[in-house]
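Accompanying notes for the structure given below.
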């Protein structure tokens with residue numbers, strides 16, 4: 001054993017044989033490496049000792065020593081990653097703590113990394129980038145293969161193969177390939193269009209995914225606090241965290257206060273984990289900041305993080321369906337089942353008629369003559385029958401529905417530019433008097449204001465040179481206060497930070513609506529408390545105030561009432577009122593206060609009141625009016641007091657100026673919370689504004705509105721909005737100011753943070769729904785007509801007037817070109833005049849049933865007339881009659897596509913000139929139909945038509961316009977059509 005110990009110690013000596021010039025932290029790194037690697041050597045030698053062979057002592061274990069990267073010679077990244085992942089405090093201490101790690105990563109804990117391009121590039125090369133390998137982009141051929149997996153397509157291909165084989169065998173290659181080859185070409189066209197559409201849809205959603213994953217993160221580089229993409233974070237970066245942020249990478253806690261992290265995404269535990277420098281400084285990528293704020297040192301990025309490890313084992317293919325998609329799939333399934341039933345009946349009828357000798361060939365001879373009929377002829381006939389039946393299924397299944405949804409959504413996706421309004425301090429009251437000129441503020445009060453703003457903040461100030469402009473970062477309120485204190489009160493934030501030590505911080509959150517700090521002045525060791533927050537809450541904590549001369553006065557009931565009136569007056573002017581308060585801790589309380597680190601919350605002195613103007617954006621009032629015009633009830637839920645909330649709601653048009661504040665239209669969160677459930681359900685519809693609300697109050701209101709059957713949309717940007725955003729039917733979060741927790745809880749992210757975009761979302765949302773309904777009406781008309789015509793003809797005449805190739809062409813027009821034409825209709829003003837659609841209203845409305853049944857019945861009547869009397873009416877052959885049926889049927893769909901543009905309006909041509917794509921698709925369809933009839937005789941199984949026959953087809957099809965106009969005059973019941981079918 002002594003020899004083993006000797007080898008182990010010599011190992012350590014050989015590794016510790018380092019230059020004496022290395023610093024203390026660097027020596028610790030070497031010591032750590034020595035311990036790790038020599039313990040491995042010892043372990044391997046012990047294993048050898050246990051074996052039967054005597055150990056051979058060599059110096060082979062020396063290769064275990066690490067050769068760190070040249071740019072960062074004092075650090076082994078693998079070991080550092082392991083320290084954080086395993087939360088190994090002992091090993092972290094051996095490495096010199098967080099400061100030692102920062103040293104080794106060449107990071108200044110205060111100013112961050114240098115941030116030069118070459119510095120960032122070097123770190124990315126050494127430690128990797130903060131990205132995760134995405135699943136490979138699905139290629140075009142992937143979607144081609146997916147299209148081939150459709151059972152109906154496979155059956156058609158099998159039929160085409162058999163038809164091709166028998167055709168060539170019977171008629172030779174020159175003539176025999178037409179039937180089978182035509183089906184092949186038609187199937188190829190359907191597959192191509194389907195694959196192209198799905199491929200483009202996939203690309204569209206990938207682009208959108210990149211936008212939603214590109215989170216902005218605040219880091220300190222070169223002493224400058226700046227926002228960068230999460231993908232650009234590197235090891236060594238100092239990242240700034242606040243409530244609602246996502247932790248961007250694995251790392252260590254540098255500085256901060258009251259930091260609590262939600263690690264449920266990693267551990268599944270719902271309890272928040274406290275992070276501090278002593279017991280638990282470890283932070284993990286993908287977790288969320290629940291409370292407090294901090295700065296962290298990034299130690300691992302991308303696939304080296306704990307989140308990265310998890311991502312590498314998970315295939316993130318989100319197949320979650322929206323309620324609309326679920327309803328569409330259900331509709332598709334129902335139509336498909338009807339189509340399948342009809343196709344099966346047609347198959348049975350045609351097979352029975354064939355074997356009973358009731359079918360004739362082209363020359364008028366009986367097709368089946370018992371044993372005299374060749375086996376090849378029987379198989380050929382069966383292939384033709386199966387192909388016809390399968391094609392009916394292809395037409396019946398509305399594959400175009402998902403495509404129509406996709407195209408509509410893709411067309412309506414708009415990215416708007418950021419336009420952020422800046423808040424500004426417009427009023428300051430010292431005592432009971434407004435301060436017009438900052439130079440008149442008493443020196444002692446001025447110092448306290450500067451301390452309260454500079455030290456009790458999560459914001460920061462940066463100035464590159466003494467001549468350059470100040471840059472302020474933080475929340476809009478923090479930025480407004482910092483810019484006011486710096487530009488008007490001449491505050492020096494850096495100097496103040498150097499003169500005071502922060503002992504404890506109570507971070508701002510939406511429930512407390514205030515933040516406070518406990519700090520010690522370095523010059524005299526005296527401890528002070530500073531509070532800042534909602535004016536009425538801070539006022540309630542005060543027993544005295546500073547007047548305009550800087551003298552401290554007692555705050556009696558009369559004075560308190562005066563201050564309350566000042567706050568209400570500021571609030572009535574739409575100002576957000578913030579109060580500052582202070583207290584010096586007496587010497588006898590200092591030790592107790594410092595030990596407990598609990599901030600004093602009573603007997604404070606009011607320093608002053610600040611009024612911040614939160615400008616109502618120009619488009620908000622118009623957006624609120626648009627929403628109200630569209631039948632949407634807009635309610636405002638805010639943390640502001642009732643007076644500010646009422647003023648802003650009136651300014652935005654949510655409240656009328658004549659509405660009394662004591663009416664049920666304005667209520668405080670606490671009052672709403674204390675209502676009984678019956679009272680809440682009774683009053684919730686009347687409430688327009690809820691002031692001083694907590695996250696629970698917002699959630700409660702959403703739940704009440706949903707219980708009453710309303711479809712609820714919630715907008716929000718803070719972490720406190722997350723429960724309500726998640727509970728709502730539609731959560732709309734803000735893309736710029738919104739926290740990651742809020743965005744994750746929402747369905748739609750408004751990229752420009754503008755409420756005016758809500759009206760745009762509403763308009764486009766209705767447009768999407770309307771376009772989908774138009775397409776369903778158009779498609780069901782074709783489905784009903786095609787199924788009835790083929791079924792009746794098969795039962796009565798033993799033949800199908802529309803061949804497989806012709807039906808596949810109709811399918812192409814209807815599913816793909818129809819979807820493209822109707823999905824790209826722009827939103828109109830009429831959409832906002834409609835009442836909102838309830839959550840239980842059927843997708844196919846009574847209006848749609850009226851329109852589609854009228855058109856389908858007209859098409860059925862005309863086409864069946866042509867089927868049974870067409871030859872005698874036009875004096876033509878069977879082949880020309882079938883071509884007339886096919887041509888009329890296709891042209892009916894072309895004309896009906898115009899009818900589908902407007903579900904209720906009689907003028908279907910309004911706004912037509914604006915939709916160039918619609919006109920283009922109609923033109924392409926007509927040209928292709930002419931080519932099919934006139935030039936692809938053998939492919940499409942058609943005969944050429946003369947001018948008179950073309951005129952007749954167009955005239956019959958055009959009659960669908962006046963029919964559509966007359967039908968729209970018929971009133972419909974509000975009761976859903978299908979409910980009459982239920983007993």
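Placement of Cβ uses the backbone N, Cα and C atoms for every residue, glycine included.
What TrEMBL says about a protein is an automatic prediction, not a curated fact.
For 94-168, the entry in TrEMBL reads domain 'Cation-transporting P-type ATPase N-terminal'.
The transmembrane segment annotation in TrEMBL covers 140-168 (among others). Beyond the ends of the transmembrane segment (140-168), by six or more residues, the same chain brings 175-181, 183-184, 187, 190-192, 194-196, 198-199, 202, 376, 379-380, 383-384, 386-387, 390-391, 393-394, 397, 804, 808 to within a C-beta distance below 8 angstroms of the stretch.
Annotated transmembrane segment per TrEMBL: 180-199 (among others), in sequence order.
Here TrEMBL flags 335-355 (among others) as transmembrane segment.
Per TrEMBL, the feature transmembrane segment maps to 385-413 (among others).
Residues 335, 338-339, 342, 345-346, 349-350, 353-354, 358-359, 388, 392, 395-396, 398, 807, 810, 814, 844, 848, 851-853, 855-856, 859-860, 863-864, 867-868, 885, 889, 892-893, 896, 900 of the same chain sit 6 or more residues outside the transmembrane segment (780-798) yet have a Cβ under 8 Å from a Cβ within it. Annotated transmembrane segment per TrEMBL: 780-798 (among others), in sequence order.
Per TrEMBL, transmembrane segment is recorded for 804-824 (among others).
According to TrEMBL, the transmembrane segment annotation covers 917-935 (among others). Cβ atoms under 8 Å from those of the transmembrane segment (917-935) belong to residues 809, 813, 817, 820-822, 824-825, 883, 886-887, 890-891, 894, 897, 901, 942, 944-945 of the same chain, restricted to positions at least 6 beyond its ends.
TrEMBL lists 947-967 (among others) with the feature transmembrane segment.
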Confidence summary for the domain 'Cation-transporting P-type ATPase N-terminal' (94-168), mean pLDDT rounded: 84
Secondary structure tally of the domain 'Cation-transporting P-type ATPase N-terminal' (94-168) (DSSP, helix then strand then coil): 47 helix, 3 strand, 25 coil
Surrounding residues of the transmembrane segment (947-967) on its own chain - C-beta under 8 Å, 6+ positions past either end: 850-851, 854-855, 858-859, 862, 874, 876, 880, 884, 887-888, 891-892, 894-896, 898-899, 906, 908
Positions on the same chain near the transmembrane segment (180-199), where near means CB under 8 A and six or more residues out: 138, 140, 143-144, 146-148, 153, 156-157, 159-165, 167-168, 387, 394, 399, 403, 406-407, 804-805, 808-809, 811-812, 816, 938-941
